[in-house]
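*Asks:* Below is one structure. I have some questions about it.
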Protein chains: 10
Amino acid sequence: MPTQPSKTLETFDNPAPAMDYTIRIEIPEFTCLCPKTGQPDFATIYIDYVPDERCLELKALKLYIWSFREEGAFHEKVTNDMLADFIAACQPRFMRVTGRFNVRGGIYTSITAEHRKEGWQPPQPVTLP
Amino acid sequence: MPTQPSKTLETFDNPAPAMDYTIRIEIPEFTCLCPKTGQPDFATIYIDYVPDERCLELKALKLYIWSFREEGAFHEKVTNDMLADFIAACQPRFMRVTGRFNVRGGIYTSITAEHRKEGWQPPQPVTLP
Amino acid sequence: MPTQPSKTLETFDNPAPAMDYTIRIEIPEFTCLCPKTGQPDFATIYIDYVPDERCLELKALKLYIWSFREEGAFHEKVTNDMLADFIAACQPRFMRVTGRFNVRGGIYTSITAEHRKEGWQPPQPVTLP
Amino acid sequence: MPTQPSKTLETFDNPAPAMDYTIRIEIPEFTCLCPKTGQPDFATIYIDYVPDERCLELKALKLYIWSFREEGAFHEKVTNDMLADFIAACQPRFMRVTGRFNVRGGIYTSITAEHRKEGWQPPQPVTLP
Amino acid sequence: MPTQPSKTLETFDNPAPAMDYTIRIEIPEFTCLCPKTGQPDFATIYIDYVPDERCLELKALKLYIWSFREEGAFHEKVTNDMLADFIAACQPRFMRVTGRFNVRGGIYTSITAEHRKEGWQPPQPVTLP
Amino acid sequence: MPTQPSKTLETFDNPAPAMDYTIRIEIPEFTCLCPKTGQPDFATIYIDYVPDERCLELKALKLYIWSFREEGAFHEKVTNDMLADFIAACQPRFMRVTGRFNVRGGIYTSITAEHRKEGWQPPQPVTLP
Amino acid sequence: MPTQPSKTLETFDNPAPAMDYTIRIEIPEFTCLCPKTGQPDFATIYIDYVPDERCLELKALKLYIWSFREEGAFHEKVTNDMLADFIAACQPRFMRVTGRFNVRGGIYTSITAEHRKEGWQPPQPVTLP
Amino acid sequence: MPTQPSKTLETFDNPAPAMDYTIRIEIPEFTCLCPKTGQPDFATIYIDYVPDERCLELKALKLYIWSFREEGAFHEKVTNDMLADFIAACQPRFMRVTGRFNVRGGIYTSITAEHRKEGWQPPQPVTLP
Amino acid sequence: MPTQPSKTLETFDNPAPAMDYTIRIEIPEFTCLCPKTGQPDFATIYIDYVPDERCLELKALKLYIWSFREEGAFHEKVTNDMLADFIAACQPRFMRVTGRFNVRGGIYTSITAEHRKEGWQPPQPVTLP
Amino acid sequence: MPTQPSKTLETFDNPAPAMDYTIRIEIPEFTCLCPKTGQPDFATIYIDYVPDERCLELKALKLYIWSFREEGAFHEKVTNDMLADFIAACQPRFMRVTGRFNVRGGIYTSITAEHRKEGWQPPQPVTLP
Ligand SMILES: [Ca+2]
Ligand SMILES: [Ca+2]
Ligand SMILES: [Ca+2]
Ligand SMILES: [Ca+2]
Ligand SMILES: [Ca+2]
Ligand SMILES: [Ca+2]
Ligand SMILES: [Ca+2]
Ligand SMILES: [Ca+2]
Ligand SMILES: [Ca+2]
Ligand SMILES: [Ca+2]
Ligand SMILES: [Ca+2]
Ligand SMILES: [Ca+2]
Ligand SMILES: [Ca+2]
Ligand SMILES: [Ca+2]
Ligand SMILES: [Ca+2]
Ligand SMILES: [Ca+2]
């Protein structure tokens with residue numbers, strides 16, 4: 001039986017909760033509809049996060065991304081909405097979501113939004129020479 | 001009012017029918033559904049052709065490409081079907097259609113099909129040094 | 001009826017005004033005239049900003065960019081002028097505008113100008129490892 | 001005094017008329033108007049030719065390219081028209097003109113047209129290992 | 001239940017057997033063992049073919065590629081063997097298999113082998129300008 | 001006699017223990033099995049570290065990497081586990097481990113984890129203009 | 001009448017003196033003579049600066065660059081000398097000059113020197129996510 | 001004592017005169033003067049040839065290339081002239097000379113000229129799959 | 001015990017002698033001495049061949065390449081000599097050897113030589129669309 | 001008379017000792033011997049430094065690099081040793097040396113070491129937008 005698009009995100013136990021470590025996810029196959037013209041839009045979605053107790057499960061994430069296929073969605077709104085859904089699902093210590101949209105009429109746009117858990121301090125960057 | 005996906009291709013008069021010249025079209029935003037799993041597939045479509053009396057109109061071509069969004073389509077079949085539709089629409093002297101599909105499970109595939117009008121001879125290639 | 005070039009920028013409500021998030025825009029199709037020689041100049045324009053209450057609308061932005069097509073414009077001045085117009089239109093928390101101009105006489109030039117709203121503090125950068 | 005756009009192509013004596021040699025020209029700064037919407041179009045023009053008695057003069061060629069700035073021009077027609085004008089100006093042994101147009105609505109197009117002087121044979125290609 | 005590596009290739013009906021068209025497959029995730037040292041080797045496998053009555057099924061192909069994971073295999077032999085297996089499975093009109101192996105001790109190697117069905121003529125290449 | 005995969009890491013004396021210097025290692029040939037499906041996964045592993053008294057020996061490191069070939073391993077866990085093993089082996093002043101995994105179902109993931117020895121201060125970065 | 005190489009730099013009024021903005025210039029066509037061997041040297045010159053009351057005029061800058069064509073010039077000295085000349089001409093708030101020289105005997109070299117006006121503070125960098 | 005620019009090309013005995021083999025030379029540091037404006041021009045020169053009894057000596061070739069530094073030279077003429085000089089010096093079985101000139105006014109040009117010794121047949125190209 | 005450089009090439013039985021297939025080898029780590037100045041030269045060596053009864057063994061090939069480390073060698077001669085040694089060792093149906101040498105004095109050179117066994121016909125190239 | 005490899009570094013007077021400026025050197029042609037196997041190793045060496053009273057002379061540096069050609073040298077040790085020799089020769093205000101070694105057995109390594117003169121403060125980085 002074919003799988004279905006779904007807004008339900010799933011998570012699993014962070015296997016190393018004692019660490020502040022980074023998970024990076026890149027999804028080049030996001031597509032939604034332009035809410036003005038009804039025509040397809042395409043974007044690459046980037047998710048960088050520091051998990052707390054739960055991690056995003058990738059199979060459910062794929063169905064979640066698929067769920068935008070028939071929705072009209074403004075660039076600015078859909079990026080902020082995805083961030084809100086991911087936060088609700090896994091309560092990360094830090095998360096950054098970027099939507100890089102395909103060129104339209106000679107103009108390229110991308111949107112980036114961040115969330116930081118209250119009280120969480122980012123790791124002091126160690127820049128090795 | 002939003003435009004709609006459509007299988008109807010449109011054409012316009014070739015402005016230089018005395019010439020054998022080449023039109024190249026690249027569409028990185030093709031998406032359809034996998035007929036087995038129902039999940040989205042993505043591809044880039046390439047069309048290279050020598051027009052005869054009619055040229056493919058790009059706005060209608062875009063809606064045509066959009067029309068596959070909800071269809072289940074095998075890679076090999078959809079590429080050959082698009083070629084057949086383009087031939088029916090504009091009867092080109094020569095046409096080559098390629099579908100380069102996104103990686104799935106670590107495997108990349110692409111399909112290329114060609115059509116040549118009966119009696120048409122390709123131009124002798126001139127290779128300048 | 002054909003659209004027209006226009007200096008009027010349009011905006012829409014920021015869908016996530018509670019957030020400090022980034023909008024990035026790249027326009028490779030800027031052209032104006034050299035005020036000394038009258039000949040065409042070409043550039044790519046980059047706009048990075050943090051919206052406040054309003055976002056730049058892209059269709060009007062395209063007509064705005066088009067409005068320079070017949071104007072003579074020094075590189076340094078046109079970049080600073082665009083920044084001023086964008087600020088007047090959408091009052092962003094932060095904005096950076098860069099004009100990267102095409103080579104002339106073996107020399108490449110680019111101009112970058114920034115604006116920061118009084119009292120606004122940039123987000124503390126989170127550099128994930 | 002500023003120079004002006006102009007349809008007049010100029011030529012100069014081929015300094016090596018005894019040879020079949022190749023001149024290649026690339027012009028990334030072509031812009032014209034879309035005849036349907038009136039909005040600006042952008043393209044890169046490529047000219048490859050074997051001169052006969054006359055060569056294309058580059059300064060006049062630049063003003064010629066500039067002359068399309070205010071004209072509405074279909075992709076297929078403008079490429080074939082430029083080829084015709086270049087042939088009329090310098091009667092080359094062979095010429096190939098390509099217009100590679102910027103993306104519009106997620107679709108890329110390019111047009112290539114060729115001319116060969118009657119009786120002229122292209123050089124037998126020498127492919128060195 | 002986990003799937004298993006398998007030497008069994010599967011095929012499906014060519015959906016366009018009247019055409020001579022090309023299927024290209026790229027598999028960057030081939031790994032086997034060096035028959036001399038027992039250590040892992042890595043390669044990218046390229047398959048280009050013109051199907052006759054049957055096409056290679058990609059899911060089974062993936063398990064077939066996996067089946068080399070525990071085998072010792074000389075570069076030259078494994079490439080020719082894969083070609084033989086693919087021919088046995090789908091009897092293509094034409095097939096070319098390339099194994100591009102990872103660098104070892106500062107030396108890069110790749111192997112390419114071809115098969116052509118008796119009596120089959122390759123399509124006359126159409127080189128568009 | 002062929003060598004064998006092994007979890008035993010080996011080390012050698014840091015030849016310059018008075019210095020805080022950086023060793024960078026890139027291993028594009030990591031493969032393990034997906035613990036859910038049993039199918040092969042592929043990744044590139046990056047190790048950046050500041051050695052203390054001991055350095056990681058590369059030949060043993062290669063056999064260690066090989067040892068994951070038959071193990072089921074979640075992305076997040078295997079990256080953190082490798083970091084723990086490397087720390088146990090050579091007690092570095094600082095270490096960062098990244099696993100960049102190959103695309104699966106259109107999704108790319110990478111995991112980065114760091115360790116810093118208690119009391120160790122990273123070098124003040126010197127950014128030369 | 002042909003123009004001439006010249007050490008005279010020209011400047012024009014900064015059109016936006018209220019702003020701290022950046023002008024970047026890249027000149028890939030610098031050539032001078034090696035003071036030891038007399039043979040030609042080639043470099044790309046990069047100039048990044050924040051103008052104060054005057055900007056460098058590009059036509060005169062081109063003749064200035066040309067003026068090194070017949071001079072013997074050590075890499076380290078010519079880069080520092082150019083910086084001094086540019087400062088004398090336009091008194092910038094900040095300037096950085098880099099000379100990236102072509103490979104000689106398998107060795108690549110580049111030189112970078114900076115100047116900062118007394119009392120001038122660089123803009124606090126705003127790093128957007 | 002510094003070396004001097006010189007029009008004298010030197011040659012040495014072909015060490016493998018029984019073979020038709022290819023020598024390729026690339027010189028990115030060609031500069032001459034524009035005969036109209038007197039300003040410097042820059043180009044990369046490519047020489048591909050099949051030697052007969054003599055090969056071009058590279059040190060003398062470098063001084064020869066240097067000799068154009070103070071000369072006014074049209075693109076088309078200088079490329080054909082270099083070919084003539086190289087032929088006079090080493091009488092190759094085949095030679096191709098290309099001058100790829102730097103962009104001027106947004107236009108790129110390159111010139112390619114060939115020479116084939118009477119009676120010499122190019123090697124039949126062997127295209128390995 | 002350390003291995004030693006050696007002029008002795010080794011070969012092994014072609015595992016698929018019934019086929020005309022291609023073996024490609026790339027060795028970026030060739031170094032010899034300039035016979036005029038005694039200084040080190042560096043090159044990348046490319047070997048493409050169709051084996052007959054024997055294939056070149058890579059470990060011995062590596063020691064062979066190493067054997068040039070202390071030899072003075074003209075570019076043209078060393079490339080032709082390597083071809084001769086490889087032919088003597090494995091009697092291939094076809095072989096092409098290229099030496100691409102590092103830049104010296106702003107000049108890049110490469111040498112390509114080929115050998116074809118008497119009576120051997122290259123495979124008719126199959127160019128798939 | 002051929003030049004000779006030599007451990008003697010030479011220096012010359014810094015022509016701009018009043019400035020803190022940067023000299024960058026890249027040497028892609030480093031080769032030494034593996035102290036374990038005796039086989040050749042290859043690396044690219046990067047040197048970035050702020051000179052004090054003396055600069056490194058490039059011709060002697062080249063002979064110095066050459067001097068490692070016959071020496072066995074561990075990656076970590078040779079990089080730290082070169083830094084020590086360069087410091088002894090020119091006493092720079094700051095120096096960073098990186099050795100990026102060629103791949104061995106599927107593993108890439110690089111080593112970076114730094115030196116800062118006592119009391120020297122690095123320039124406050126000026127990051128222009
Ligand atoms: Ca995209
Ligand atoms: Ca794609
Ligand atoms: Ca492909
Ligand atoms: Ca541009
Ligand atoms: Ca720039
Ligand atoms: Ca373009
Ligand atoms: Ca194209
Ligand atoms: Ca590979
Ligand atoms: Ca990988
Ligand atoms: Ca990533
Ligand atoms: Ca350069
Ligand atoms: Ca150039
Ligand atoms: Ca060109
Ligand atoms: Ca090289
Ligand atoms: Ca070359
Ligand atoms: Ca290297």
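The backbone N, Cα and C atoms fix where each Cβ goes, and this holds for glycine too.
Sequence annotations record features per position, and here TrEMBL assigns active site, thioimide intermediate to G:CYS34. Positions annotated as active site, proton donor by TrEMBL: G:ASP41. The feature substrate binding site is assigned by TrEMBL to G:LEU56, G:GLU57, G:LEU58, G:HIS75, G:GLU76.
Burial and contacts for the listed features, if you can.
*Replies:* Within 10 Å of the C-beta atom of G:CYS34 (active site, thioimide intermediate) sit 15 other C-beta atoms, taking all shown protein chains into account. For the recorded site, G:CYS34 (active site, thioimide intermediate), the DSSP three-state label reads coil.
DSSP assigns G:ASP41 (active site, proton donor) to a strand. Within 10 Å of the C-beta of G:ASP41 (active site, proton donor) there are 23 other C-beta atoms, taking all protein chains into account.
Remark: G:GLU57 (substrate binding site) has G:LEU9, G:GLU10, G:THR11, G:PHE12 as non-local neighbours, by Cβ distance under 8 Å and separation of at least 6 in sequence.
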*Asks:* Report, as a single number, how many Cβ atoms besides its own are within 10 Å of the Cβ of G:LEU58 (substrate binding site).
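*Replies:* Around G:LEU58 (substrate binding site), other Cβ atoms within 10 Å: 16.
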*Asks:* Just to confirm: which same-chain residues, 6+ apart in sequence, have a Cβ under 8 Å from the Cβ of G:LEU56 (substrate binding site)?
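*Replies:* G:LEU56 (substrate binding site) has long-range Cβ partners G:LEU9, G:GLU10, G:THR11, G:ILE23, G:ILE25, G:ILE47, G:TYR49, G:PHE86, G:ALA89, G:CYS90.
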*Asks:* What residues, ordered by sequence, lie under 8 A Cβ-to-Cβ from G:HIS75 (substrate binding site) and sit at least six positions away in the same chain?
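*Replies:* Long-range Cβ contacts: G:ASP41, G:ALA43, G:GLY99, G:PHE101, G:THR109, G:ILE111.
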*Asks:* How long is the line from the C-alpha of G:GLU76 (substrate binding site) to the C-alpha of G:CYS34 (active site, thioimide intermediate), rounded to the nearest angstrom?
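*Replies:* Cα of G:GLU76 (substrate binding site) to Cα of G:CYS34 (active site, thioimide intermediate) measures 12 Å after rounding.
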*Asks:* Would you mind reading off the Cα separation of G:CYS34 (active site, thioimide intermediate) from G:LEU58 (substrate binding site), to the nearest angstrom?
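*Replies:* Answer for this pair: 26 Å between alpha carbons.
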*Asks:* In Å, how large is the greatest distance between any two Cα atoms among G:LEU56, G:GLU57, G:LEU58, G:HIS75, G:GLU76, the listed binders of substrate?
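*Replies:* The substrate-binding residues span at most 25 Å between Cα atoms.
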*Asks:* Determine, from DSSP, whether G:HIS75 (substrate binding site) sits in helix, strand or coil.
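*Replies:* Once the DSSP labels are grouped into three classes, G:HIS75 (substrate binding site) ends up as helix.
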*Asks:* Let me know how many other Cβ atoms fall within 10 Å of the Cβ of G:GLU76 (substrate binding site).
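*Replies:* Step by step: centre on the Cβ of G:GLU76 (substrate binding site), count other Cβ atoms within 10 Å, giving 22.
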*Asks:* Hey, does DSSP put G:GLU57 (substrate binding site) in a helix, a strand, or just coil?
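*Replies:* SS state of G:GLU57 (substrate binding site) = coil.
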*Asks:* Taking Cβ distances under 8 Å as the criterion, give the subset of the recorded positions G:CYS34, G:ASP41, G:GLU57, G:LEU58, G:HIS75 near chain D, ordered by sequence.
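*Replies:* Sorted by position along the sequence, the hits amount to none.
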*Asks:* Against chain J, with Cβ pairs under 8 Å, which of the recorded positions G:CYS34, G:ASP41, G:GLU76 show up? Give them in sequence order, please.
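*Replies:* From G:CYS34, G:ASP41, G:GLU76, flagged as close to J: G:GLU76.
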